[in-house]
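Novice: Features from TrEMBL:
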ACT_SITE  His203  active site
BINDING   Ala119, Asn175  NAD(+) binding site
DOMAIN    8-116  domain 'Aspartate/homoserine dehydrogenase NAD-binding'
DOMAIN    153-238  domain 'Aspartate dehydrogenase'
Amino acid sequence: MVRIGLLGCGNVGKIIATHQDGFTVEALFDRLPDHAEELARICGAPAFSDFQEFISQDFDICVEAASVLAVREYAPKVLENRKNILILSVGALSDSYFRKVLLQKARDHNKKIHIPSGAIMGLDNLKVGQISRIESVLLRTTKSPESLGLSVSSKTLVFRGKANECVKQFPKNINVSVALALAADHDVDVELWADPDVDRNIHDIQVTGEFGEANIRIVNHPSPDNPATSYLAALSVLSLLKNLDSPLVIGS
Ligand SMILES: NC(=O)C1=CN([C@@H]2O[C@H](COP(=O)(O)OP(=O)(O)OC[C@H]3O[C@@H](n4cnc5c(N)ncnc54)[C@H](OP(=O)(O)O)[C@@H]3O)[C@@H](O)[C@H]2O)C=CC1
Ligand SMILES: O=C([O-])CC(=O)C(=O)O
């Protein structure tokens, strides 16, 4: 059974802690001790307020569900402490220097960095971009203004540009664009819309390349405790963890 340490005990952390299927939670850490203690009461794992104590516990993989800044601060230390890491706040990897350093640390310590599919679908076959020409990847995301921390009275384009710029402005909302860019090994053009008439998180993905064309639309239910985060993001972490040990590997 896979043993995990949970870094980030908010909305996604709580879903992970309440659905232990194919893995067990062994340790909890959050910058808000109350959040870690609440999950300790739910799942019985110990809560730590000191990161070094947390990372010294006996588990196989640290599951990050905290923030882009938490990845920058802690991911190198996770690998140095000889633990695998799952990174949900994948926007942190849009910085190519940080990504290079982190990948080297993973190699040095023979550990893996897992990027879950998060709030989208299609990352599996988008990896053909690493071996075959991709011409364009466009992500059009539409969320409610509240989940973007904005107040607008009609549908408004709040960002148009590249993924690595968008994630700097909206680090809590557009991690999926960086996951797409890493999978495809190609720049991702992003349009981010705030629409007061939607109560879903909608991601339209359009890809063209040597393979042909793909159009994917994901209309996500927001998660219970954080409307900016789609419920699918938490489910994707659960399914990745459940399959880590499986002899059957599905998808490219
Ligand atoms: N890859 C993807 O497809 C997706 C990624 N995400 C990302 O997943 C992450 C988790 O989402 P969600 O659970 O909804 O977020 P929440 O804000 O509900 O929970 C995050 C928790 O981590 C804590 N935290 C933040 N920064 C740090 C830090 N530096 N050190 C320790 N703890 C920290 C937060 O504390 P505090 O409240 O004080 O900030 C909070 O308790 C977010 O970064 C989100 O943007 C979300 C959806 C899709
Ligand atoms: O949950 C979503 O729909 C997308 C999201 O917040 C992110 O990519 O950061």
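Note: Cβ is positioned from N, Cα and C throughout, glycine not excepted.
On this model, are these features tucked inside or out on the surface, and what's nearby?
Specialist: The secondary structure of His203 (active site), as reduced to three states from DSSP, is extended strand. Other Cβ atoms within 10 Å of the Cβ of His203 (active site), summed over all protein chains shown, number 26.
Under DSSP, Asn175 (NAD(+) binding site) is assigned to a helix (H, G or I) in the three-state scheme. Residue density at Asn175 (NAD(+) binding site): 28 other Cβ atoms are found within 10 A of its Cβ, drawing on all protein chains shown.
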Novice: Quick one: DSSP breakdown of the domain 'Aspartate/homoserine dehydrogenase NAD-binding' (8-116) into helix, strand and coil?
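Specialist: Breakdown, helix to coil: 55 helix, 19 strand, 35 coil.
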Novice: Measure from the Cβ of Ala119 (NAD(+) binding site) and count the other Cβ atoms within 10 Å, all protein chains considered.
Specialist: 26
